[in-house]
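What TrEMBL annotates here:
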| type | residues | note |
| --- | --- | --- |
| BINDING | T51, V215 | pyruvate binding site |
| ACT_SITE | Y142 | active site, proton donor/acceptor |
| ACT_SITE | K172 | active site, schiff-base intermediate with substrate |
Amino acid sequence: MTSRKKLQGLVAATVTPMTPDGQINLPVIRQYVDYLVNEQNVKNVFVNGTTGEGLSLSIQERKQLAEEWMCQGKDKLDHVIIHVGALSLPESQELARHAAAIGAGGIAVIAPCFFKPTNKDELVTFLQKVASEAPDVPFYYYHIPPLTGVKIRVEELLDGLKAQIPTLQGVKFSDTDLLDLAQCIHKNETQQLEFLYGVDEQLLGALAVGASGAVGSTYNYLGRQTNLMLQAFAKPDLALARKYQFLTGEFLNFVIKLGFGVAQTKAVMTFVSGIPMGPPRLPLLEASKEFIVEAKAKLDSIVWPVGD
């Protein structure tokens, strides 16, 4: 795998396939990889993150999933980024060492979200202690304040961070604060950091301020359409790019009103790909049959621009 090639474009935030009784379903990951590459033209993945229910999995399960994605992605995927964040520092460090040992293309870490860091110094110390356990692996800070409750601005966090974490490669920025994102990009251009945006329905806005790519759950099943949006933006054909963004937003706006989370993402991925992704892990409950019927009908009704 070309782990040192700059990470650009789309990164699928992978779901964790599970059996009906709630165990991780490793055998389907081979099919999952082939589907992403061949059907969605997505060759980068972000494993064990929010969409992958990482914090609901055991350390052993997270290791098994990381190993399987690395194994099945060999010579097929460009980058496998492993999320190693945990509530416990020793567990996060253990996962970082494991990711390094299996040759992961990068590791990512969220801020701890029970006992939360209340200032930059606390957060940086935690991140540095994890990153140092994988000293040769590119490191990404995973910024997702709506879930962690840690609202330390990334612009502030990045000031001097490269000196403390030499492996710093970039940020997975999953927040709607485009001002913060824009200032990060503007102030860190010389460091060539990668800013990967994580709010799928606002990707076009993030591209406009300089995001280098995106990590999101919709790229599991709308990867082809979003890649066409990226191509239109690069031309530039902004009118066409907006059409793709508006249609993605139309679908997400519809399902969000129905109640849309990890369980529903697994259901959508199952009916689009044909790969059984199974239920989520408790306390999340499986998507209702009514949701599946309505979401499928809505997605089928969308007419994408010519060229899809």
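Glycine is no exception: its Cβ is also placed from the backbone N, Cα and C atoms.
When other Cβ atoms within 10 Å of the Cβ of V215 (pyruvate binding site) are tallied across all protein chains shown, the result is 28. Here the active-site residues are Y142, K172, and the one ringed by the most other CB atoms within 10 angstroms is K172.
On a Cα basis, K172 (active site, schiff-base intermediate with substrate) lies 7 Å away from V215 (pyruvate binding site). There are 25 other CB atoms within 10 A of the CB of T51 (pyruvate binding site), with all protein chains counted.
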